[in-house]
Structures are given as structure tokens and as C-alpha cells.
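Everything below concerns the one structure shown next.
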Amino acid sequence: MESESESGAAADTPPLETLSFHGDEEIIEVVELDPGPPDPADDLAQEMEDVDFEEEEEEEDGNDEGWVLEPQEGVVGSMEGPDDSEVTFALHSASVFCVSLDPKTNTLAVTGGEDDKAFVWRLSDGELLFECAGHKDSVTCAGFSHDSTLVATGDMSGLLKVWQVDTKEEVWSFEAGDLEWMEWHPRAPVLLAGTADGNTWMWKVPNGDCKTFQGPNCPATCGRVLPDGKRAVVGYEDGTIRIWDLKQGNPIHVLKGTEGHQGPLTCVATNQDGSLILTGSVDCQAKLISATTGKVVGVFRPETVASQPSLGEGEESESNSVESLGFCSVMPLAAVGYLDGTLAIYDLSTQTLRHQCQHQSGIVQLLWEAGTAVVYTCSLDGIVRLWDARTGRLLTDYRGHTAEILDFALSKDASLVVTTSGDHKAKVFCVQRPDR
């Protein structure tokens with residue numbers, strides 16, 4: 001197995017001192033003279049001028065007053081079956097596609113939907129803080145910056161907007177190509193996004209300094225910034241995977257052919273220290289990759305999933321795909337969720353299947369609870385489930401939606417689950433477990 005480096009993909013990409021400001025009619029190059037060769041110790045922080053990429057000291061974000069989960073006026077309950085939720089946010093008028101929680105306090109949510117709207121609202125009572133106005137297509141991506149001071153929203157057409165949370169004012173916007181994914185840098189006000197033309201974009205917000213990483217001539221379908229903040233892994237529709245150096249602008253590793261996937265990538269995850277990457281695809285495979293060497297060190301497929309033939313152009317799979325995956329933070333375990341409803345728990349040390357947990361409908365997303373071996377799943381049947389990955393046992397489930405769950409988020413202390421659904425609602429569930 002060999003990992004190619006394609007230096008030509010971005011060999012001519014200038015450092016961030018050479019910035020492209022994209023106007024409506026032309027591209028104006030603004031070049032600053034290089035004072036000399038960079039110090040080898042320089043990192044992406046210095047390339048991004050005053051952006052500090054160093055780990056900020058974690059502050060204790062305690063909530064002395066506790067969660068206020070009292071029923072409020074205007075909070076809507078499910079009309080069909082039991083509703084285990086504490087709060088329902090009902091201002092969307094169509095399917096709600098995405099949700100993210102503010103990372104500092106976990107008291108705010110941002111949701112985006114098919115109604116071309118995004119809202120920032122309070123988890124404790126569902127009260128609207130402000131609307132992220134101005135989108136003209138479905139809002140499919142939304143998230144808060146690492147310090148919760150900024151919130152970004154992105155729609156399918158590629159219009160991205162950033163708002164300052166405390167002033168509720170829009171501070172930046174940009175029109176890229178059709179949007180596939182969007183993610184904030186883990187330690188700096190830097191936004192990354194992948195588009196249908198194969199580009200991965202990186203902006204410093206709010207001044208808009210821009211850099212692009214050119215992939216193959218097909219959509220950049222998923223991406224993730226590695227924990228070191230200096231690299232990003234991006235998956236593409238043609239099955240290739242690239243690990244990018246965000247400072248130099250070149251791909252450190254390129255996996256394609258048998259090393260890559262045999263179909264479009266759907267999801268990517270990294271472990272806590274960034275040494276391992278897990279990628280998923282419509283080819284039903286999950287590949288475990290060393291972030292250092294770029295080598296595939298494991299390939300996972302549940303025993304019940306039959307091999308899927310390669311798809312010709314224009315053909316669509318009617319069978320199965322990997323929809324979501326992730327690493328456990330306390331045990332050498334990985335979870336992979338499939339469209340056929342299979343949750344597979346793999347032992348990374350032996351690279352064997354440990355448990356298969358079956359859902360009655362497709363898994364949309366999974367998340368590991370920090371500090372435990374509990375994995376959460378949401379699925380097309382509108383139910384959130386908690387699984388003990390050590391035993392494969394279902395711990396509990398939470399109901400209340402009347403349509404499929406499309407996204408969900410978990411608070412840092414795992415006390416709250418926030419879901420979005422095709423029923424036009426977002427819901428807040430209070431997680432109670434006897435073992436805590």
C-alpha cells in the first residue's frame with residue numbers, strides 16, 4: 001500500500017502573506033514582501049498573522065445555577081406518541097438539517113433548515129436570541145467558533161455568513177461554490193469549507209484572508225481539521241482522501257485507488273490526539289489511516305454487509321453506506337453507523353468486530369460520550385438511542401420527533417442531547433442515566 005504526494009495540486013499556492021481577495025468581477029492579488037526565510041519553528045499561527053493557534057487554557061465553564069428546564073409558553077410538544085423532550089424549538093417551517101452547540105458554555109444552539117433560515121436560541125427554554133438572516137437556499141451547515149464568540153451558517157448555494165454572538169451582528173460573508181461541509185478551526189477564528197468544485201477553502205474571520213486547497217475535479221464531500229490545528233483531512237466524491245498541510249497549502253498524503261475508497265466519501269473522524277483517521281464511504285467500508293504516515297492500517301466492514309459492486313457513472317446504490325463514525329476516548333474502540341441500521345463497534349487493537357447493534361431504520365449520525373464507552377445514535381425512525389459499547393447493550397432511548405432525525409449534538413457533560421428533524425422541530429432531551 002503506497003501513499004502518493006501530489007505536490008502539483010497546490011505547489012504554487014502562495015503563503016498567507018499573498019492573499020486573494022475575491023471580488024465580483026476580478027481577483028486582486030495583494031503581495032507583501034517576504035522579509036526572509038521563515039523560522040522552522042513557525043507554525044500556521046504566524047502564517048495567519050495575529051491568529052493564535054496555540055491551545056487556550058481551558059476555563060471551567062461551570063453552570064452554577066444549573067439547567068432551567070421548566071415548560072415555557074409557546075414550547076410545542078409532539079402530537080404523536082410519547083415526547084421525552086424538555087424543550088422544543090418550533091420556529092423553523094421546514095425540515096431542520098443541522099444543529100451545533102456553543103462550545104464554551106453549551107447554553108446556546110444554532111439550527112439551520114430547508115426554510116432557508118438559521119436561528120440562534122437558548123437551550124434552557126427555547127427562546128430565540130437572533131435569526132441569521134439573508135440565506136436564499138437551505139441552510140445545511142452551522143456552527144460556533146472555538147470560543148463561542150462567532151457563529152457561522154452556510155447554505156447549499158455556497159453563501160456563508162458569520163455573526164458576532166454578543167452583538168447579534170453579521171461580520172462577514174462569502175459566496176463560494178455549492179457547499180458540502182463547513183467547520184471551524186479548533187483553536188482560532190478560522191473557518192474551513194469544502195465545495196462541489198473540489199476546493200477546500202480557509203478564511204480568517206472577520207477580515208476574510210483566504211486560501212484554497214485544490215482537490216480533484218469533483219466535490220470535496222467531507223472534511224475535518226486535525227486536533228493539532230495544522231492539518232486537515234478531506235474526502236472526495238471520487239473516493240480519494242487528502243491530508244493537507246494548512247500552512248504550506250500542499251497535500252502531505254494522497255490516498256487513491258485501492259488505498260482510497262471505491263465510492264464517494266460520506267464522513268471522516270479523528271481520534272483524540274489526531275494520530276488516527278477513520279473514513280467512511282458509500283462503498284460500505286470504514287478505513288483506519290495513520291495520520292503520520294498516510295497508510296491504511298485497517299479496513300472495517302460489518303459481517304452482515306455484502307460487498308457492494310463498483311457503481312458506474314450516474315448509477316445510484318440501493319443498498320448500504322457508512323453514514324457516520326467516531327472514536328471512543330477511553331477505550332480502543334471505534335463505532336460505525338450504516339444506512340441499513342447497523343451500529344458496528346470495532347476493537348482497534350485487534351481490528352475485530354466487537355458488537356453489532358441493530359436499528360430498525362437507518363442510522364443518520366453517531367456521537368461518543370466524552371470520557372465513557374457510551375455511544376449515541378440518531379436514526380430515520382426519529383429516536384435517539386444510547387448504547388454501552390463494552391457490552392453492545394441498549395441503555396435507553398429518547399422519543400418525541402414525528403419524523404426522521406437529521407442531526408444531533410451532545411453537550412460536553414452529556415446531560416443534554418439536542419436533535420433536529422424532518423418534522424420542522426429541534427428538541428432538547430435531558431439525559432438521565434443511573435450509572436452517573
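Every residue gets a Cβ built from N, Cα and C, even glycine.
No curator has checked TrEMBL annotations; they are predicted automatically.
The following features are taken from TrEMBL:
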- 40-64: compositional bias 'Acidic residues' (COMPBIAS)
- 1-66: region 'Disordered' (REGION)
- 89-131: repeat 'WD' (REPEAT)
- 132-173: repeat 'WD' (REPEAT)
- 227-254: repeat 'WD' (REPEAT)
- 258-299: repeat 'WD' (REPEAT)
- 356-397: repeat 'WD' (REPEAT)
- 398-436: repeat 'WD' (REPEAT)
The repeat 'WD' (258-299) [mean pLDDT, rounded to integer]: 97
Which of 227-254, 258-299, 398-436 contacts the repeat 'WD' (89-131) most, counting Cβ pairs under 8 Å: 398-436
Within-chain partners of the repeat 'WD' (258-299) [C-beta distance under 8 Å, separation at least 6 from its ends]: 1-3, 219, 221-224, 226-228, 231, 233-241, 243, 252, 305, 307-308, 310-311, 317, 319-327, 329, 334, 336, 338, 346, 348, 351
